[in-house]
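> If you look up Swiss-Prot, you'll see Phe60, Lys68, Asn125 marked as FMN binding site.
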Amino acid sequence: MAWTSTLPAHLLNLIKNSKYVHVATCSKDCIPSVALMNYIYVPGEKLFGQTDNKNDYIIFVSPQDTQKFYNIKENPKVALLFHDWIIANNLSVGKESISGTPTPTSIPHEEQRQSELLNLLQELNQAELNQMSASIGGETEIVNPESEESKYYKDLILKANPDAKAFIFEKNTAVVKVRIDNARVSNNENRTMFLSKGKS
């Protein structure tokens, strides 16, 4: 059984089912970069042509002419951010601006806030809102773009993200596999837990 089975159930569900992940990379000169990516979660037993019973993987497609890809080639260590916080547009519902810049709308302030709050409450399933985030540490492997393995993973990513077909099968892209090595989990009460293969 993969060590990731020790992760909180909600977090594991979040990793398996979210549409996007923030991918943080770093060059050999320690210059960081971050990108928002479509991805899939692949259990070790469903890897192409092999079985890994101890690890699970995050897999995404990247253009080969990006800083992110250059960084991965130079430094295979990456960090991945998953979260279920309220989306950024809705976070402003409970926050007052200190910039002094007027809001570009003719709707009265209080009425606008009530409308935003109503929309927010309509969108949220309170039973599902756990407000948890996790930074996943892992090591990458670039898959040969001409291989059957690459096609296998691209097909899986397409199945999960059909709206990204043009990007997934764009020329000069490559599949990147990230082995999940550790996780730092935080919630909205600033409680943090660290889990890794050695501590599972």
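Using the three backbone atoms N, Cα and C, a Cβ is placed for every residue, glycine included.
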> If you draw a 10 Å sphere around the Cβ of Phe60 (FMN binding site), how many other Cβ atoms fall inside it, taking every protein chain shown into account?
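If we count other Cβ atoms within 10 Å of Phe60 (FMN binding site), we arrive at 24.
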> Would you mind checking how many other C-beta atoms are within 10 angstroms of the C-beta on Lys68 (FMN binding site)?
20
> Taking DSSP three-state, what's Phe60 (FMN binding site) in: helix, strand or coil?
strand
